[in-house]
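Structure first, commentary second.
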Amino acid sequence: MSLNKKLPLIITKGNILFPNFVTSLGFKKEYLSEGFIKNFQKSDLNVIITSSYEDYNLDQEEAEENNSKEKKLKVLEYGTYASVGNIVEKEDTINIFFNGLKRVKIVDFQEKSPGNFLAEFIDLKDVNIDSEKSIDLKNKIRNLILQRMNQLKLKSDNMEPLFQAPTGAFSDSIANILHLTMEEKFELISENNVEKRLEILLDNLQTSLQVNENIARDINTRVREKFTKQQKEFYLREQLKAIKEELDEMSGEENDVKTLKKRAEENPYPQNIKTKILKEIGRLENTPSSAPEAGIIRTYLDWIMNVPWWQKDNEKIDILKAKKILDEDHYGLEEPKKRIIEYLAVKQSNPNSKGAIVSLIGPPGTGKTSLSKSIARALDRKFIKISLGGIKDESEIRGHRRTYIASMPGKIIQAMRKAGTANPVILLDEIDKMSSDFRGDPASAMLEVLDYEQNNKFQDHYLEEEYDLSDVFFIATANYVRDIPEPLYDRLEKIEITSYTELEKVEIAKRFLVPRVINETNLKFKNFKIDDDILKFIIRHYTMEAGVRQLHRTLEKIARGILVMSLDGKLKGSSVYKINKKHIEKLLGKIKFDYTKKEDTPQIGTVNGLAWTAYGGDILPIEVTLFPGKGNLILTGQIKDVMKESASIAYSYIKANYQKFGIEADLKDNKNIFKDFDVHVHSPDGATPKDGPSAGVTFTTSLISALRKIPVSEKIGMTGEITLRGKILPIGGLREKSISAYRSGLEAIYIPKENLRDVDTLPKEITKNLKIIPVANFDELYKKLRKDHRI
């Protein structure tokens, strides 16, 4: 025996973990401290697991009578040394997997904090492991198990590794399999003599088998009593069947079997599938129609015979036609259209090429689903959509095994049957919304679907046969790249669909939304006349989105209002209803949204930053003021951690370089501007949380403006992350930020020099009307501001 050791102790109720076994224990989060959770998240953590053998969970009255609070928790003297495995967190519980390694004897334990125990223990080594008696007992147990498995007609191949295990591990594994009482489990966990453990298990097995034999004997007696009656019934049914055959009046069931056989023989199923179908038809033929198994076989045959094994659409790739369809259905989206045409060109040149798995990534309402439908139309293929949002169970992808009642194939095979062809376009919608739990990881199951090296042999658990998905054109959609599961990320060709500009939304409304709304409400065009300025007004003040869904709903509401007026006889004269702002407010109510507007005049300490939002972008004014204090930097306006750090970096950079910016640190009355004044930095719209590093240059410029008491032009904006050395680092979301700057009436924006590569992707209306000035560091930015008289 080794010297006493100490490890965390877990005390279960009614549960024993034996060595050589893996189990999971559930813990309610409300009873766990943060220290407990962090402790179990450490790598290579080991614990001691044992059980209490007396339950003191009494109600309040019983607790007072028995004075149970004064009783010490009674814990089994023996337990299992275990390593900590996977940890699965849910809403209110944590499941931790433990791997039992060896027996230990608990010498003492202490409760360090409520529910947090520490055990002092010594190792218990097994004895009589390879004795002649141990081996003999092991063989007897093995023979009893094999005997029972033969009676139940179960295969014993998977039991061979267990039978080959050493006697000690063998006894623990058997103890985990058998249904034992708690007393028997306590006896086994505390016993390090392998011979005695095997004797206990052999006795339990013999008793269980004897009970099973008695039950089987009773059942056989009852069956024999009914057998004569069943024989008679079977004989009469066979006679009836022969009579019907003579009269050529076969039952519907038999006709069904004949039809299935004929269909299996005539259709060009793959040979392994045809063999499987005929085998299942044979089982159905020999199964009474009233038996539950008959329904299961029929359902399986219905699925396997109706999934498209050889049927394919004749693909017609016409590049000019595809371009025309994409342009007809969508305005803008030049980059996605270009990539899709490239894919079709390769497919036309080499029909056997597999291509890439296209992933359309962008905000909601930007046309990802409708673009996928257009691709299917351009390819002249069937289109099927699979919604993956919220899927947590791997079986939703791979299907459920036939052993389960009401089992069925997964979503992929269901989509193939619905398509009726082996080469449809399948849209995997919201691939970034999948998650995993104890039921498996759907993202891992999707690997086999989306990898052309593997998906020609896709395995659905229900079909139990390989299915070829290599001819399917998969398109995935997601809102955020960062939320795509890591295993899938590298397999997708990501095409970004950015938010629409105001001009693009106006064009989409004129070309697609207004005609659709008129058609849906059965209005006439003369009853619905709306010009570009009114569309812009609606987009700016009644919608806030990156796409056009909300705009579509708003136009529908306007059309419904006009329709009601038309039916009420309120439209006079020619019935031409030209919509103006007054009509909009009447039909839609007061303005719901407003974008941030620039100031009318330059302000001291106020600079326009540029922000990316889920709805596109907006300008983000930063305000700075000074007042007597102790040199503190105060930040308000729901500014989050990363943005706070940017403000601190900006202030530190100015303190270190104040002389080059013409800031006078020492003032009259022996006061220092940095030590005797507090600086208050505020971001308006205080109810909206704000974060990110790209406001660094805006903080720096507004601080210099406040410290020098000189105004900054209200017609400029800026974005970029600043370092302590004044370097300006690149940012994301330049498209959305520049659109918001243009919409707010800014004349110029300063951007990091490294973001010049993104300028080519900006809409022409932006680059034409908004001056974009790249800068590499803050010195360069400050010089350009001074040169252009903007500060």
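Indices start at 1 and increase along the chain as displayed.
Just so you know, glycine gets a Cβ as well, placed from its N, Cα and C.
Listed in TrEMBL:
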type     : residues                                                       : note
DOMAIN   : 7-209                                                          : domain 'Lon N-terminal'
COILED   : 236-267                                                        : coiled coil
BINDING  : Gly362, Pro363, Pro364, Gly365, Thr366, Gly367, Lys368, Thr369 : ATP binding site
DOMAIN   : 601-788                                                        : domain 'Lon proteolytic'
ACT_SITE : Ser694                                                         : active site
ACT_SITE : Lys737                                                         : active site
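Structural mapping of features recorded in TrEMBL.
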residue : record           : contacts (Cβ under 8 Å, 6+ apart)
Gly362  : ATP binding site : Lys368, Asn479, Glu496, Ile497, Thr498, Ser499, Ala546
Pro363  : ATP binding site : Asn479, Ile497, Ser499, Glu545, Ala546, Gly547, Ala614, Tyr615, Gly616
Pro364  : ATP binding site : Asn479, Glu545, Ala546, Gly547, Arg549
Gly365  : ATP binding site : Glu545, Ala546, Gly547, Val548, Arg549, Gln550
Thr366  : ATP binding site : Ile497, Thr498, Ser499, Tyr500, Ala546, Gly547, Val548
Gly367  : ATP binding site : His330, Leu333, Ile497, Gly547, Val548
Thr369  : ATP binding site : Lys385, Leu427, Asp429, Thr477
Ser694  : active site      : Gly609, Leu610, Ala611, Trp612, Ser646, Thr719, Gly720, Glu721, Ile731, Gly732
Lys737  : active site      : Leu610, Ala611, Trp612, Gly617, Gly717, Thr719, Ile731, Ile749
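Residues belonging to the coiled coil (236-267) score a mean pLDDT of 68 in the model. Other residues of the same chain near the ATP site, with their Cβ within 8 Å of the Cβ centroid of Gly362, Pro363, Pro364, Gly365, Thr366, Gly367, Lys368, Thr369, are Leu360, Thr477, Asn479, Ile497, Ala546, Gly547.
Secondary structure at Thr369 (ATP binding site), taken from DSSP and collapsed to helix, strand or coil, is helix.
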